[in-house]
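Engineer: The following block contains the structure, expressed as structure tokens.
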Amino acid sequence: MSTIVKIDEAKFPNLSRGKFEDRKYEFKGGIIGQTVEIKARGRRSKKAKLLKVIERSSLEKGNPCPHFEKCGGCTYQTLTYEDELKYKKELIEKLFKDHGIERELKIIPSPVHKFYRNKMEYTFGDEYKDGPLALGLHVKNRFHEIVNTTECNIVDADFNKIRSEVRNYFEKIGEKHYNRKTHEGFLRHLLIRKATKTSEIMVLLATSTQSELDRDAFIKFLLDLDLEGQILSIFHVKNDALSDAIVPEEINLIYGKDHIEEEVLGLKFKISPFSFFQTNTRSAEVLYKMAREKIDARDKLVFDLYSGTGTISQVLAASAKKVIGVEIVEEAVKAARENAVLNKIENVEFIAEDVLKVLDDLDKNPDLIVLDPPREGINPKAIEKIIDFDPEKFLYISCNPVTLVRDLGVFGDRGYNIEEVEIVDQFPKTSHVETVALLYKLNTEHHLDIEIGEDELSEIDFSKDATYGEIKKYVLDKYGLKVSSLYIAQIKRKHGLIERENYNFSKKENQRVPNCPEEKEKAIEDALEHFGMI
């Protein structure tokens, strides 16, 4: 049974709330002020599914996209861009406030908010059961139905042309789409990438092995298309995996080179079929320029953790003494190294490893650390080790403000303050953004010069709390023991040195917390005494 509610509250990311009688429901989608039809996910559940919009919000001014009602790709097509920016800003400010961070945030608009995407992954299917061949995006809230996105206004114009012509090509020769229920059929996905600056285009067709692709005919068809850019790379992927994703079980380059080249802030980057690259090139330049300006990397050692294809590393390398990038995806690291050679940058080093695993092997002390983790945020097991490096500043670039505010709480507990937070609207018309936070431990620009007489020196306490990293190093060097941040926190609390509450307690009820062994307790106490803390 469905229910009609008016949305009176929204929260990031793209969640709405509306009340019916004495029950408040939460559901994905919607805009404050809309009257919508929803369906509860269970008899007693407060979680619901948005079925349709009954009455628009006063915030909605129009709908420039003919696919918006069916397509699940965009969220804010009906808002003016000015209102969209304001709406996102308010949602993220509320998210921060709910986590105890009250501040007005600045949102940086994208230089382009239409036709900006440089990558698109389309799915073959049908718009309704046994209907004609479709190639596009999933219908909103429906996994098995596809909408032909003939006039998508967030992708490059060449994407719409290629998508339409490829659909017509395969419909004409009678090829069937892969059915995700029966696992029968041939056509699965079409991936298109286009470099904004160079106009080089890559096309990747993913199929099952249940038919054969006439490669020569397909290549000729693509190269004969009248496009603004130029197709320089064509791949064919054979994929029989059950998941609805491009799984490169077998990948073949059937035309041209194995990459396209893009330019960002004067640097060149090779983009392969599956390498990560920001989908809005012009806004990415705004983001990377901001990163370069926010941290002064001159003559400093910088760690770039979760470095991807090394874009930020190479932007910072121009002024830094050295940049060390760490990335778990080997293909991305390979691309990063090739890009560094392409740009003749020699003061960067890229390590292909999980950030958590490599931290203990990094024996250098960085001046600055850049963090650009995936949507899940920083691995909870890694974040304490990262903070132990005790750099002057952290620059945290996040594609998910929800995990960012969670992680900022940990940094705050360890003595790092927020200097700046700004939002970059990297993905116009969607609910997604990039958020940049600059964290510092001591801002040396904010100080007073004072004169102290010799007779006053004896009354001043010059002691400074050692960092967790310094304590660990002292214990390891002197006793050969490895001690955790948890044990150090326990001993600091024992001596009245911990100001915050529940640092070493699990949030799970009735969970046992290991106590520091006596041998390690004595070693930590010796370290605290050595550093003048007790």
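Using N, Cα and C of the backbone, Cβ positions are placed for all residues, glycine too.
Heads up, TrEMBL stuff is auto-annotated, nobody curated it.
A quick note: this is a predicted structure, and the numbers were derived from the prediction, not measured.
From TrEMBL, here are the annotated features:
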type	residues	note
BINDING	Gln278, Tyr306, Glu327, Asp372	S-adenosyl-L-methionine binding site
ACT_SITE	Cys399	active site, nucleophile
ACT_SITE	Cys399	active site
Engineer: In Å, rounded, how far does the Cα of Tyr306 (S-adenosyl-L-methionine binding site) sit from the Cα of Cys399 (active site, nucleophile)?
Structural biologist: 12
Engineer: Whose Cβ lies within 8 Å of the mean position of the Cβ atoms of Gln278, Tyr306, Glu327, Asp372, the S-adenosyl-L-methionine site, other than those residues?
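Structural biologist: Everything else in range on the chain: Phe276, Asp304, Ser307, Gly308, Thr309, Thr311, Ile312, Pro373, Ile397.
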Engineer: With H, G and I counted as helix, E and B as strand and the rest as coil, say where DSSP puts Glu327 (S-adenosyl-L-methionine binding site).
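Structural biologist: Strand, per DSSP.
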Engineer: Under DSSP, is Tyr306 (S-adenosyl-L-methionine binding site) part of a helix or a strand, or is it coil?
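Structural biologist: The three-state answer is coil.
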Engineer: Please report the Cα separation of Gln278 (S-adenosyl-L-methionine binding site) and the residue listed as 'active site, nucleophile' in Å, rounded to an integer.
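Structural biologist: With distance taken Cα to Cα, the residue listed as 'active site, nucleophile' is 11 Å from Gln278 (S-adenosyl-L-methionine binding site).
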Engineer: If we count other C-beta atoms within 10 Å, could you say which of the binding-site residues Glu327, Asp372 has the fewest?
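Structural biologist: Candidates: the binding-site residues Glu327, Asp372. Fewest Cβ atoms within 10 Å: Asp372.
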Engineer: Over the residue list Gln278, Tyr306, Glu327, Asp372, recorded for S-adenosyl-L-methionine, what is the maximum interresidue Cα distance in Å?
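Structural biologist: Greatest Cα-Cα span of the listed binding residues: 16 Å.
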Engineer: Could you give the Cα-Cα distance between Glu327 (S-adenosyl-L-methionine binding site) and Cys399 (active site, nucleophile), in whole Å?
Structural biologist: 16
Engineer: Counting every protein chain present, what is the number of Cβ atoms, excluding its own, within 10 Å of the Cβ of Cys399 (active site, nucleophile)?
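Structural biologist: Here the count is 18.
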Engineer: For a quick check of packing: other C-beta atoms within 10 Å of the C-beta of Gln278 (S-adenosyl-L-methionine binding site), how many?
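Structural biologist: Taking every protein chain into account, the count is 22.
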Engineer: If you measure Asp372 (S-adenosyl-L-methionine binding site) to the residue listed as 'active site, nucleophile' at Cα, how many Å is it?
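Structural biologist: Just about 8 Å between their Cα atoms.
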